[in-house]
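Participant: Relevant sequence annotations retrieved from TrEMBL are reproduced here:
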DOMAIN    A:69-283  domain 'ABC transmembrane type-1'
TRANSMEM  A:12-36  transmembrane segment
TRANSMEM  A:68-93  transmembrane segment
TRANSMEM  A:105-126  transmembrane segment
TRANSMEM  A:169-188  transmembrane segment
TRANSMEM  A:209-230  transmembrane segment
TRANSMEM  A:262-287  transmembrane segment
Amino acid sequence: MVNKGFAKHYYLMLLPGFIWLILFSIVPMFGIVMAFQDYNPGLGILHSEWIGLDNFKYMFSLNDSGTILFNTLFIAVLKILGNLLIPLVFALLLNELRVIFLKRWIQTIVYLPHFISWVILSGILLDVFGYTGPVNQILSVFEIKPILFFGRADLFPALVVGSDIWKEFGFNTIIYLAALTGINPALYEAAAIDGASRMQRIRHITLPGIQSAIVLLSVLSLGNVLNAGFEQIFNLYNPLVYSSGDIIDTWVYRTGLVDLQFSLATAMGLLKSVVSFIMITVSYYLASKFANYRIF
Amino acid sequence: MVKDNTTGSRIFDVFLIVLLAGIAILCILPIWYTLAVSLSDNAAAGSGRVGLWPVGFNLSSYKEIMGDRKFLNSFWISIQRVFLGAGLNFVIILLMAYPLSKSSKELPFRNVLMWVLVFTMLFNGGLVPWYMTVKSLGLINNIWALVLGGSVPVFSVILVVNFFRNLPKELEEAALVDGAGPWRMMMQIFVPLAGPVIATVTLFSIVYHWNEFFNGLVLMSAADHYPLQTYIQQMVVVVDANTMTAEQIQRMSELSNRTLNSAKIFIAMIPVLIVYPFLQRFFITGITLGSVKE
């Protein structure tokens with residue numbers, strides 16, 4: 001049943017949202033031309049000199065760019081792997097827990113860090129891993145000298161990846177747990193009657209039962225290969241760890257909004273946007289092909 | 001569920017309870033520790049003598065914060081931001097999700113609009129062009145920059161669209177026969193049925209606007225316009241270690257007011273800790289319902 005007269009009301013409903021979208025998402029996309037200009041704030045976008053790919057050439061000639069690309073990929077890939085695997089293991093263990101009220105409590109608690117900001121958590125982490133913080137206090141019991149954790153470039157990626165997994169693993173179990181509820185309990189009963197042990201039931205019923213969820217999450221995470229986590233690193237890093245902790249997003253911030261090299265920062269930002277966009281599109285294509293996934 | 005009472009299985013159960021409870025405790029331990037430090041004597045905290053229980057219990061840091069005009073001002077800005085931002089998101093999400101849940105027969109170009117929406121979620125102009133746009137709109141130092149700066153919450157819109165599409169068609173047809181127009185249909189048929197998913201996206205909006213610090217840092221040029229998270233980021237987290245040696249950093253961490261900083265951090269967490277238990281029972285249903293498609 002279609003009422004033709006409704007369409008104009010529908011467009012009216014959509015109007016405010018699309019105005020907002022145009023002003024704050026679509027207009028900025030046109031600003032990308034700055035990446036191909038020698039942008040001068042005095043002249044504006046329309047009158048700045050067009051220099052083609054010079055910004056990109058200059059960008060790749062910098063020593064920094066190799067380092068930040070490597071750091072970004074390295075941290076992001078480790079995070080992707082950790083955030084797929086650890087929630088999976090945790091969801092499987094939680095699924096085996098038979099004390100229901102305890103299960104609810106644990107779920108409620110492990111989801112919580114997801115909702116706390118990186119500003120807050122960074123404040124806490126810098127204190128906990130600080131020079132006189134509890135971690136160093138514990139180490140001193142074993143006669144280990146205090147370590148300046150967030151001043152050590154060799155430790156920084158591990159701390160970033162570890163704290164990100166700590167924050168997100170609980171929340172990331174939600175999809176797995178939802179998939180687990182879809183498994184028919186009769187399968188477990190049948191397997192038990194046939195003499196399958198608990199491990200065999202996990203191996204042959206639970207894992208195949210959530211296989212499609214695992215495939216889907218893995219494929220969709222492809223889109224994050226350049227997302228090393230700006231908010232986290234921005235709040236945890238300092239110049240002592242730039243060599244292993246500076247990533248594309250933090251570099252773009254410093255270059256663009258601190259050093260005011262607008263065109264150079266836009267060029268690097270564009271590189272990231274384009275690569276991410278391609279990766280996400282590929283991942284959605286694969287997800288729709290292999291896991292029958294539709295965004296809408 | 002299968003009952004499995006072999007000794008090995010029982011031992012595994014006990015092991016599991018200990019392990020999972022331990023992991024859960026690890027998730028709130030740092031938060032608890034922060035509370036303990038904030039309630040301790042500053043000298044004890046500075047020398048690292050505080051563990052999981054306050055040493056020299058006192059409320060002086062909380063009293064000091066109550067008299068700190070800058071902190072209270074930022075707190076108030078964040079409260080305003082959450083109400084304006086989450087309120088606006090709520091209205092816009094519903095107004096966009098309802099029409100977009102219709103078929104392209106009912107809403108011509110529906111799929112085009114949907115792809116535009118998804119495109120803006122996947123691709124963006126980057127930091128500098130976005131900053132320039134907000135600046136040219138004259139919103140620097142204006143609270144509306146914080147409210148509008150993040151643009152439309154597209155992910156939430158899609159979640160609600162998918163939820164609306166899964167509601168039975170018969171409901172709509174019955175209301176149509178009874179003469180309901182599009183606005184009435186949305187408000188009286190669809191919205192009341194979407195409770196869990198609306199609670200979920202509202203939780204996301206509230207948490208986003210409370211936690212977001214970067215727009216506050218970039219779009220507000222003066223500290224008296226900072227929302228709370230930006231204030232905390234600037235006062236507590238940022239340490240200019242540019243020229244510092246390890247010894248200087250050590251001395252600074254001893255001099256810095258650890259109890260006061262911990263109290264500020266803890267207060268900034270309180271709204272999330274209050275909202276979370278009420279809404280968390282909805283969001284699991286909300287997320288899974290919104291993401292499952294026919």
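Every residue gets a Cβ built from N, Cα and C, even glycine.
Map these features onto the structure and tell me what's around them.
Facilitator: Counting only same-chain residues 6+ beyond the ends of the transmembrane segment (A:169-188), those with a CB under 8 A from a CB of the stretch are 82-84, 86-88, 90-92, 94-95, 107, 109-114, 201, 205-206, 209-210, 212-214, 217.
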Participant: Tally Cβ pairs under 8 Å between the transmembrane segment (A:68-93) and each listed stretch (A:105-126, A:209-230, A:262-287), then give the stretch with the top tally.
Facilitator: A:209-230
Participant: Other than its close neighbours in sequence, what residues sit by the transmembrane segment (A:262-287), given a CB gap under 8 Å and a spacing of at least six beyond its ends?
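Facilitator: Contacts of the transmembrane segment (A:262-287) (Cβ under 8 Å, skipping residues fewer than 6 from its ends): 31-32, 34-35, 37-39, 41, 55-56, 58-59, 65, 216, 219-223, 225-227, 248-249, 251-253, 255-256, 293, 295.
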